[in-house]
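Annotated compositional bias 'Basic and acidic residues' per Swiss-Prot: 38-53, 61-70, in sequence order. Summarising the annotation, Swiss-Prot assigns region 'Disordered' to 1-20, 28-72.
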């Protein structure tokens, strides 16, 4: 089980990312567009730099939805490898079977 403070911090980061997502997308589009004047591009870069660090989506960590484990995460299920195995063996994941070859 991950520390509750780490899980809470990650949740706050997700909220911050959601709050700034549209403006960040607009600014990055202005910066990437080749037809943008240099002064406008610099202003967009400065505004992007002034935003909080936690507004970047890369700062959010994928965590297990059951216990918050940060490593061994499977996106398709939202679970870590440990909980994925336990729930698959218990039959809680429809369509998941143990492989044999």
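Note: Cβ is positioned from N, Cα and C throughout, glycine not excepted.
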Self-check item: Contacting positions for the compositional bias 'Basic and acidic residues' (61-70) when only residues 6+ beyond its ends and CB under 8 Å are counted
Solution: 1-2, 6-7, 10, 13, 78-80, 82-83
Practice problem: Provide the three-state DSSP residue tally for the compositional bias 'Basic and acidic residues' (38-53): helix first, then strand, then coil. | Solution: 14 helix, 0 strand, 2 coil
Exercise. Kindly report the helix/strand/coil residue split of the region 'Disordered' (1-20) according to DSSP, in that order.
Key: 17 helix, 0 strand, 3 coil
